[in-house]
Amino acid sequence: MAKRCLIMAGGTGGHVFPGLAVANALRAEGWDIHWLGTAERMEAQVVPKHDIPIHFIPVKGLRGKGISARIQGAVALVKSLFSARRIIKRLQPDIVVGFGGYASGPGGVAAKSLGIPVIVHEQNAAAGMTNKLLSKLASRVLLGFDDAKEQFSGAADNVHTVGNPVRDDIWQVKPKKRESYAGATSLNMLVVGGSLGAQILNETVPETCGVLNGLSIKHQCGKGNSDGVVKAYESVGADMANVELSDFIDNMAAAYEWADFIVCRAGALTVSEVAASGRAAIFVPLPFAVDDHQTKNAQSLVKQNAALMIAQSVLKQNLGQAVRRWLEHPEDCLKMGALAKTCASIHATENVVSHVKSVVGEGD
């Protein structure tokens with residue numbers, strides 16, 4: 001009889017896509033996969049496209065909200081715990097693996113109360129509150145970045161750095177060749193602001209880079225933002241033949257393949273994909289991210305000289321200068337991308353799968 005794994009992940013691609021990578025790898029080995037999430041978040045649309053049964057619980061976030069919202073969230077949390085317990089009792093999975101998101105907390109607690117082993121995967125260099133709590137009852141705590149290890153000191157014996165699972169097509173992105181940079185007079189810049197777009201990138205990139213000679217730009221600006229971004233480029237006299245705008249990029253692997261370097265936020269999945277693609281990057285961490293986790297994610301590459309980081313507060317002053325430097329010395333861009341590739345966790349997905357099988361085999 002096939003082993004069964006319940007994946008818990010939701011809210012953002014940073015949680016969902018690593019979960020999908022592991023789900024698909026386990027399914028390829030004959031496992032039966034189910035998913036626990038929330039009906040209002042992106043997992044409700046994305047997961048069914050992969051033919052994975054998804055089960056919903058009525059949970060909401062609590063952190064950083066007003067007293068009324070917190071009370072409502074607490075009530076929903078209690079309901080979601082009982083809902084998760086009913087679902088898990090019915091499914092009887094051999095193991096539950098949480099990748100973060102609202103469903104992971106109640107799902108992990110419910111699984112443990114039923115004697116089902118729990119694995120937690122933390123993508124960020126600064127661990128989230130839910131995973132910190134779940135680590136106390138988890139059989140294993142798996143980390144995307146080694147810098148997060150000190151935050152799980154209470155579960156030190158069960159903490160393992162495995163990297164962040166990345167989709168196979170990202171790993172297939174071909175490295176840039178040194179000879180293509182000999183005497184290069186142009187570079188391709190990919191600007192990625194996430195599914196909603198990043199307002200600071202939409203405003204600053206056109207102003208600071210729109211008229212740089214030798215720069216071709218693909219700019220993902222988020223749904224509903226393209227008209228304003230076009231005007232921003234046109235207002236500085238940019239040649240729109242060298243600028244391509246999109247609300248959303250469906251094929252990120254092709255976008256990375258085209259790019260010489262990327263300007264982007266520093267979510268855990270983005271940082272991991274940049275490294276896997278072997279591209280140089282200028283990270284602009286979201287300054288209001290919980291526990292400043294995006295800065296810590298970016299630093300995992302920056303401290304290896306494998307990426308640049310510019311604080312949002314000084315982006316306007318420094319972005320154009322950084323891009324001009326690469327246009328003048330494109331070989332530096334190539335070298336940084338190659339260094340980024342050496343920081344990538346190429347075996348992350350199989351590492352997680354190995355831990356899943358190990359825990360089930362041990363009967364923890």
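Cβ atoms here come from the backbone N, Cα and C positions, even for glycine.
Per Swiss-Prot, the feature UDP-N-acetyl-alpha-D-glucosamine binding site maps to Thr12, Gly13, Gly14, Asn124, Arg167, Ser195, Ile249, Ala268, Leu269, Thr270, Val271, Ser272, Glu273, Gln294; the stated evidence is sequence analysis.
Residue density at Thr12 (UDP-N-acetyl-alpha-D-glucosamine binding site): 19 other Cβ atoms are found within 10 A of its Cβ, drawing on all protein chains shown. When Cβ neighbours within 10 Å are tallied across all protein chains shown, the highest count among the binding-site residues Ile249, Leu269, Val271 belongs to Val271. Neighbour list (Gly14 (UDP-N-acetyl-alpha-D-glucosamine binding site), Cβ cut-off 8 Å, at least 6 residues apart, same chain): Gly100, Gln123, Asn124, Gly267, Ala268, Leu269, Thr270. Here Arg167 (UDP-N-acetyl-alpha-D-glucosamine binding site) comes close to Phe17, Leu20, Ala21, Ala253, Glu273: these same-chain residues lie at least six apart in sequence, with C-beta atoms under 8 angstroms from its C-beta.
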